[in-house]
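Engineer: Dropping a structure here in structure tokens format, bear with me for questions.
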Amino acid sequence: MELKNQTIISFTLLGLSEKQSLRLPLFSFFMTAYILCTMGNMLILMLISTQSQLHSPMYFLLGNLSLVDICLTSITVPRALSSLLSRDLSISFHGCFIQLFLFHMVGNMDSFLLAIMALDRYAAICQPLHYTTIMRKTTCIRLLTSSWVIVSLHSTLFTIMTATLPYCGWVIHHYFCDVPALLLLSCTDTSAQQMVVFIEGSLIVMGPMLFILGSYLLIIRDVLKLRTSKSRQRTFSTCSSHLTVVIFFYTSIIFMYFRPSSLYSAANDRIISVVYSVITPMLNPFIYTLRNKEVKKAVKKIILCGRKR
């Protein structure tokens, strides 16, 4: 029996697993990850706002990344926790597409922020004498504003494209509303929509990724010109945190959205989506804290000040 949009009051989000025995472990995982992500990124924001030595373009961008990561997990994880706790798997039709819009907007902003941070690393290493000119605060704000406009338009396109489809099903094999899972429920052929996702999504995701790749090729070229291995190692270490985050983020994104539909697997997609929507935002504060001397110094300074009091 066909169901049309006007008769679908709500969708059902099955979550990561339909097994009842996994509810408690999944709840514990999501709760722990959300607390660590929120607290870790809040710590980064507090350090950047209160410590004068962190008032630089690089840390201004890192603060924005932390804010975006908090928003990214807050869009999906609380809803997943609520479902696991109350066993209410339903999400309203409008609520589903609001979640889809916010997730794609904030998720793609992560990608643009990583690209702007790559520009910062390029300017610091390859153009040190012009760094303050290239990475002025006004320039950073303009880049961020432009990025928000682009990802908002991208997310609007994806939301309208999926919300206007006729649906014959209401059970979403995912823990949040996402485009690939929703396309499977449509009554009509979605090959055109899948093509839009691939082409337009490629521009939004692969564009920043190619920019990052180009930036690092130029960085590697200049670093290899340094005379001593110690100098090369010290210079590379300033990029290691950013590069680690980039690898985590883009590996999961590419596999999720840029592969043939014949390789689609609901179980695999749910697990992979956790990597870029939960695990990566949770790990970012630890990556930047554990591998960044200035951030570690700022943490020690706050701890010492607290002990003196």
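Note that the numbers count up from 1, one per residue, in the order the chain is shown.
Backbone N, Cα and C atoms are what each Cβ position is placed from, and that goes for glycine too.
Dumping what TrEMBL says about this protein:
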- 26-47: transmembrane segment (TRANSMEM)
- 40-288: domain 'G-protein coupled receptors family 1 profile' (DOMAIN)
- 59-77: transmembrane segment (TRANSMEM)
- 97-119: transmembrane segment (TRANSMEM)
- 140-161: transmembrane segment (TRANSMEM)
- 195-219: transmembrane segment (TRANSMEM)
- 240-258: transmembrane segment (TRANSMEM)
- 270-290: transmembrane segment (TRANSMEM)
Engineer: With an 8 Å cut-off on Cβ pairs and a sequence gap of 6 or more, do the transmembrane segment (97-119) and the transmembrane segment (240-258) reach 3 or more such pairs?
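Structural biologist: Answer yes: the transmembrane segment (97-119) meets the transmembrane segment (240-258) with 3 or more Cβ pairs below 8 Å.
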Engineer: Can you see whether the transmembrane segment (270-290) and the transmembrane segment (26-47) are touching - at least 3 CB pairs under 8 angstroms, only pairs 6 or more apart in sequence?
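Structural biologist: Judged by the Cβ rule, the two regions touch, with the required three close pairs present.
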Engineer: Cβ under 8 Å, sequence separation of at least 6 from the ends of the transmembrane segment (195-219): give me the contacting residues as numbers and ranges.
Structural biologist: 108, 111-112, 114-115, 118-119, 121-122, 125-126, 150-151, 154, 157-158, 161, 179-180, 183, 239, 243, 246, 250, 253-254, 257-258
Engineer: Report, as numbers and ranges, every residue of the chain located at least six residues beyond the transmembrane segment (140-161) whose Cβ falls under 8 Å of a Cβ in that stretch; write 'none' if there are none.
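Structural biologist: Counting only partners 6 or more residues beyond its ends, the transmembrane segment (140-161) has Cβ contacts under 8 Å with 57, 60-61, 64, 97, 100-102, 104-106, 108-109, 112-113, 116, 119, 179, 193, 196-197, 200, 204.
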Engineer: Considering every residue in the domain 'G-protein coupled receptors family 1 profile' (40-288), what is the mean pLDDT value?
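Structural biologist: Averaged over the domain 'G-protein coupled receptors family 1 profile' (40-288), per-residue pLDDT gives 87.
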Engineer: Sequence-remote contacts (6 or more beyond its ends) of the transmembrane segment (26-47), Cβ cut-off under 8 Å?
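Structural biologist: Contacts of the transmembrane segment (26-47) (Cβ under 8 Å, skipping residues fewer than 6 from its ends): 15-17, 54, 62-63, 66-67, 69-70, 73-74, 77-78, 80-81, 84-85, 278-279, 281-282, 284-286, 288-289, 295, 298-299, 302.
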